[in-house]
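Trainee: Take this structure, written in structure tokens, and hold onto it; I'll ask about it next.
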Amino acid sequence: PEEAEPEAGAAGGRWRCGRGADGAALRWCISGVLCASFLGLGLSIAILGPTFPNLAANVGKNVSDIYYIFVGRSLGSLAGSVVGGVLFDCMNAALLLALSMLGTAAGLYGIPWCRESLLLTVLMSVIGGSMGVLDTGGNVMLLNTWGSEAGPHMQALHFSFAAGAFLAPILASVSSGGSQSEELAGVEKTNQSVLKSVPTASAASTTPAPKDQDDADFLWSYIIIGTYILLISILFFVLYSKSTSAKDKSKASAQKGRLAKYHWHLIGLMFVFFLFYVGAEVTYGSYVFTYAVVFAEMTESEAAALNSVFWGAFAVCRGAAIFGAAFLAPVTLILMSLVCSAASSSALAFFAHYRASLWVGTAVYGASMATIFPSGISWIEQYTVIEGKSASLFVVGAALGEMCIPVAVGYLQGRFHHIPIVMYTAFVTSVMTVLLFPVMYKLANAPQENDSKVVRESETRKALLSNSRLTEDEEDEEEVREWNDADFEVVEMNDKLKNSLTDASCRIPGDSPAEASLQPHSDDTLGDPPVVAGGSPGRQNGNIDWEK
């Protein structure tokens with residue numbers, strides 16, 4: 001069967017890429033632009049960490065006094081994810097993403113010249129909202145473009161984000177001439193659009209005010225990233241010009257028919273699944289340094305190396321998953337990740353006092369976190385339709401986990417200093433994800449009502465066919481019995497006829513057999529006697545053959 005053409009329309013941003021070389025080229029162009037946009041997403045989010053002291057000095061505040069800009073960006077991202085999910089089902093995908101990238105570029109251009117903390121918070125909220133739209137729409141657009149083949153492209157999309165988060169501190173260091181190398185260690189990289197590398201209060205109070213030259217240098221980071229995102233926005237406008245605005249109602253109705261029986265149950269469970277997964281990822285990446293210094297009694301350089309092992313394994317495995325997804329099904333990648341996550345988190349929770357267990361467990365835990373989010377989206381798309389609203393719930397769940405779980409861990413760790421809360425959190429969240437996925441798998445494979453109806457109709461048709469065959473066989477048997485009865489009646493009648501003719505010939509005196517053979521029998525007036533193969537009387541020239 002021929003693969004249906006994606007359509008670029010108002011509903012869901014479907015793309016009519018067509019078949020052949022032109023359609024394939026357009027799909028690859030869409031993937032390339034989306035990966036480039038997620039690279040900019042990682043750059044835009046991670047650049048805030050190394051330039052945070054400069055922003056505080058720019059608005060005349062202490063670092064500890066402008067923590068609310070992170071809250072503004074997080075709230076903006078949540079709102080952008082929800083609003084973007086609704087708008088994505090109502091307008092063209094490329095146009096919506098182009099406008100969101102324009103908003104991000106405008107915010108990045110305005111930040112270096114912002115002298116008021118309130119205005120800075122507003123700009124951060126605008127950037128967060130635009131990034132929320134991109135995070136939601138980019139995943140759905142990629143699924144709509146590639147369909148069942150989206151696995152490797154989804155992995156590449158999220159690897160681009162990690163690459164952008166990795167490059168942002170390097171860009172900040174280069175643009176400032178290396179004067180901020182000490183702040184770069186605090187940058188956190190995640191796979192989501194709402195990243196909060198909030199400095200601690202103690203670190204913030206001791207942060208020295210940067211020099212004026214640093215203030216002049218750091219703005220180039222924002223200008224460079226803003227220009228890059230502006231170029232990506234232009235590319236989205238070009239894609240919009242290649243798209244059509246027609247809305248195919250028949251395909252929309254066909255999509256609705258693909259909804260799983262427990263569609264919203266699956267979406268809700270995936271919301272919780274991503275909340276625990278992303279929360280665990282960000283929590284461990286944020287607190288492993290502190291754990292290594294306080295509980296494992298490592299030096300700061302060793303603790304920084306342990307933190308780098310976690311994020312390095314995360315980035316390497318996410319890059320390797322681009323090729324692995326071409327050969328492995330999403331469910332296989334998820335199961336492998338969950339098993340590795342459960343094993344490594346168990347080792348970290350109960351055997352982290354051994355150095356080897358801590359190092360190996362951290363590396364395996366980081367690797368197990370790499371593929372779950374993109375593989376989860378690819379997996380659930382195989383069973384139900386993922387529209388803008390559904391994708392926005394995934395992003396919101398991940399953002400809430402990223403905000404709430406690290407805060408809860410920090411609060412509990414402050415209350416119970418002697419307990420390694422971060423390790424037990426990794427173990428508990430791994431257990432939750434391991435328990436949730438089989439439930440989602442069961443619901444996803446539940447037969448729909450239409451499928452059950454088709455099965456029942458098929459069984460009814462088989463029963464009717466078998467009954468009709470039995471009826472035909474019975475009719476055939478009845479017909480055979482009737483023919484047999486008719487044969488016996490003919491034989492009996494022939495015997496009676498023969499006996500009657502013999503008696504008649506004996507009662508006629510003086511007639512010779514030859515004369516008798518010439519006399520017509522009274523039965524001739526009644527017609528010919530029945531003819532039976534091998535035993536019926538013959539007739540020659542209209543007379544009975546008496547010799548027979």
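Yeah, the Cβs are placed from backbone N, Cα and C, and that goes for glycine too.
Caution: TrEMBL annotation is automatic and unverified by curators.
Straight from TrEMBL, here's the annotation block:
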type	residues	note
TRANSMEM	24-47	transmembrane segment
TRANSMEM	67-88	transmembrane segment
TRANSMEM	95-112	transmembrane segment
TRANSMEM	118-144	transmembrane segment
TRANSMEM	156-174	transmembrane segment
TRANSMEM	219-241	transmembrane segment
TRANSMEM	262-289	transmembrane segment
TRANSMEM	333-352	transmembrane segment
TRANSMEM	358-380	transmembrane segment
TRANSMEM	392-412	transmembrane segment
TRANSMEM	418-441	transmembrane segment
REGION	464-484	region 'Disordered'
COMPBIAS	472-484	compositional bias 'Acidic residues'
REGION	502-548	region 'Disordered'
COMPBIAS	538-548	compositional bias 'Polar residues'
Trainee: Taking 3+ C-beta pairs under 8 angstroms (sequence gap of 6 or more) as contact, is the transmembrane segment (418-441) in contact with the transmembrane segment (262-289)?
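Mentor: Answer yes, regions in contact.
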Trainee: Counting only residues 6+ away from its ends, which parts of the chain sit with a Cβ under 8 Å from the transmembrane segment (118-144)?
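Mentor: 6, 12-15, 30-31, 34, 37-38, 41, 44-45, 55, 58-59, 66, 68-70, 72-85, 87-88, 93-94, 96-97, 100-101, 103-104, 106-108, 110-111, 150, 153-154, 157, 192-194, 377-378, 381, 386-388, 391-392, 394-395, 399.
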Trainee: Do the transmembrane segment (95-112) and the transmembrane segment (67-88) share at least 3 Cβ pairs under 8 Å, sequence separation 6 or more?
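Mentor: Between the transmembrane segment (95-112) and the transmembrane segment (67-88), contact is present.
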